[in-house]
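Report on the structure given below.
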Amino acid sequence: MSKINKLEHIRNIGICAHIDAGKTTTTERILYYTGKSHKIGEVHEGGATMDWMEQEQERGITITSAATTCRWQDKIINIIDTPGHVDFTIEVERSLRVLDGAVAVFDGVAGVEPQSETVWRQADKYNVPRMCFVNKMDRMGADFYRCVEMLKDRLGAKPLVIQLPVGIEENFKGIIDLIKMKAVIWKDEALGAEYFEEDIPADMKDKAEEYRAKLLDMVVELDDHVMEKYLSGEEVTAEEIKRLIRKGTISAAFYPVLCGSAFKNKGVQPLLDAVVDFLPSPIDIGIVKGMEVSTGEEKDFPISVTEPFAALAFKIMNDPFVGSLTFIRIYSGKITSGTTVINTVKNKREKIGRMLLMHANNREDVKEASAGDIVALAGLKDTTTGDTLSDIDQQVILERMEFPEPVIELAVEPKSTADQEKMGLALSRLAAEDPSFRVSTDYETGQTVIKGMGELHLEIIIDRMRREFKVEANIGAPQVAYRETITKVCEIDYTHKKQSGGAGQFARVKIIFEPLKEVKDLKDEDKNKIFVFESKIIGGAVPKEYIPGVEKGLNNIRETGVIAGYPMIDFKATLVDGAFHDVDSSVLAFEIAAKAAFREGMPKGNPKLLEPIMQVEVITPDEYMGDIIGDLNSRRGQIQSMDPRGNAQVVTANVPLAEMFGYVNTLRSLSQGRAQFSMIFSHYDQVPSQVADIIKAKK
C-alpha cells in the first residue's frame, strides 16, 4: 500500500465515556475480534489488556490512555482507551486533541451521566466527529430508547439511530441493522465470534420501519439528488445511505447510535464496521492549525505524507522496560529512526532513537512512521506534553493544548533523608507525564505541595510514588486550591534601577492590568486562558528582545498572589510603554521590573479570593430528598435542578469544594447508603467576605 493511499485507511479513534459504562471492556472485545488479543481480558478480574498499570488492575478503572493499533477489514485502527473518572478528564482532553473520531460509550441502564456530559463537551471543543454505542443492553433496567432521548435532552445532540436492540435485559440477543433492514443475531457459545443475519422478527417490523423512515429523513437532507429520489418513492440504496451517514458524521450533522453488550460479546463487529465506514480518516480532517516559526504567522497545514515532518507530543509515560516514552501523533511528513528533529516550543533538538507501535503494554519496534500514525518514541530529552516536533528546515508549532488548573492540594514529606532525593525525582517524572498534576514548594513552610484534579488523582500519584519509585512519604490532609483575581482595571508605571558598582540594571515598564471578563476585544484563542499577556509597544520604547522577559516575570510572579499568596488568574496584562538603557538593560532587568510592577500594581485592582465550585450530582430515592437538599444548602450549595430518573431523584447543585470534604460519609448516613454522588469541577467563583477572612487568617 503506498504511503499516500495509506492515509485513507487509517482511523485514529478514542473510546470515551463515564466510569463503568464499559469502555475498557468494549476495547478488549475490539482487540479480541481484530485478532490482537488471544484471550479476552475482563476488567473485574483485573486482567484487561488496556488497563496495564497495577493501580488500574486493582481498582478496575482506566487511568492512563493506552494507545493500541489493530486492523479491521483492510483498515488500520489506532485506539486510545481513555479514563472515565472525573479526576482524569485531562487524559481524555489530551487524547481528543490528537484523534480524528471517537466512540462515546453509554451505559444502557444509567444513560447519559455527568462525566458523559464532560467528555461530550470536550469532544465538541476539538470538533471531534463521533458515534454512540449504547452498551450493557443485557443488564436489568437497560432502556435503549430512553438513552436516545437523553442524548437529545442532556447533550443537545442529534442522534441518528442506525440499530435497534432485539430482546431486552437477559433476553437481549442481537440488533436490527436499519441500513440493511436485517436482524443480526449472535451465538452465545462462540464468544460472540459467530453471528448470522435473519429477517426482522414480526413483532419488531413496525418499529424498524418507523426508525428506518426517521433515518432516511435525516440523511437525505445532505444530498439533493438522493432527496429527489427518496421523495419520488424510489429505493435509496444501502451504499447511498452509508455514504450520507459518513458525510453527516464527519460534519457533525448528527451522531450515529448503535447498541450492544460488549461484556456478552454482542454488537462489537458491527461497531467496528461503523468505525471504518463512518468515522473520518486523516484525509477527511485535511488540515491542522499551527504557526510558522520563521514568520510567526498562524496558518492551516495540510495533513499529508509529502509535506515536511510535524507531530504533536500528547502523552509521556514511564515504561518499566524502555524508560520514558513520548507518544506522538504525526500530522505530516514521515520520520525514521536516527533522524534529528527540533522541538519548536523549547527550541531544542531531539534525536529519534527507538520508535514503537504500542499494543497496550506490548510493543513492536518500527523503523519508519508517517502522517496519520500514532507512535511512542523512547529517550527524548526535552519534550513534554503539548510540544511540537518538527522538521529542522521548515519549523512549525502546532496548536497547543490548554490544561485546567488543579483544584485540590496535599502536603507531602519524605519519611527519611534517603526518600528526600528519590521523592524529588519521582515527583518531577510524574509531573512530566501529567500536566494537570503540579508540584511546588510552600515558601513559608518549605513543604512540598502536590496539586491535582481530585482526591483519587492524588491518591494514585502517591501510590505510584510508593510502587514505582519506592518512596515512602507522610501525607497531609487535602486542602482546597484557592486562587486570586482582580476586579477592576489598574495601571502601573515602574522603573527598576540598580547602579552600584559593576554592571548596572535598568528597565522601565508601564503595564495595564485588567480582569479578563472586562476585556472587550479578547481573541478566541485567549478565551480559555487564565492569564493573557500582550505588548502594545510602538516605536521601540522597549526593544523586542526584552519583551519575553516581561511576560516571563509576570508569569512567574502570578504564582504568588497579593492577598494570601495563591496564584492569580483571569487577568490580562498589557505592556503599553517603557524605557531602556543601551548598556544596563537586559532581559533579566525587565523580568525584575515586571515582577515589581505586579507586586505594586495588583493591590490597586481590588483583588479578591476565588474558590473552586464543583457541579455535584446526587442520585437518591425520593424519601431522602429533603434531608439531602437541606444538607447541600448548609454547605453553601446552590441547587440547579431536580429531575426524576426511573424510581429515583437526581439533584444537581453547585457547591464550593471546601464544603465537600467527607461528603461521601454524610451522604451514606443521610440515605442509609442508598444515595450516590459524583462531582466535576465547574468554575472558580469569589469567596464570600466572611469566609475569605478565615482563609487569610490561616495563611
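Note: Cβ is positioned from N, Cα and C throughout, glycine not excepted.
Here is what Swiss-Prot records for this protein:
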type	residues	note
BINDING	17-24, 81-85, 135-138	GTP binding site
DOMAIN	8-283	domain 'tr-type G'
Local confidence of the prediction over the domain 'tr-type G' (8-283), expressed as mean pLDDT: 83
So if I draw a 10 Å sphere around the Cβ of T82 (GTP binding site), how many other Cβ atoms end up inside it? 30
Take the Cβ of A17 (GTP binding site) and count every other Cβ within 10 Å, whichever protein chain it belongs to. 29
What does DSSP assign D20 (GTP binding site), in three states? coil
Hey, does DSSP put T82 (GTP binding site) in a helix, a strand, or just coil? coil
Candidate with the highest Cβ count within 10 Å, taken from the binding-site residues D20, M137: M137
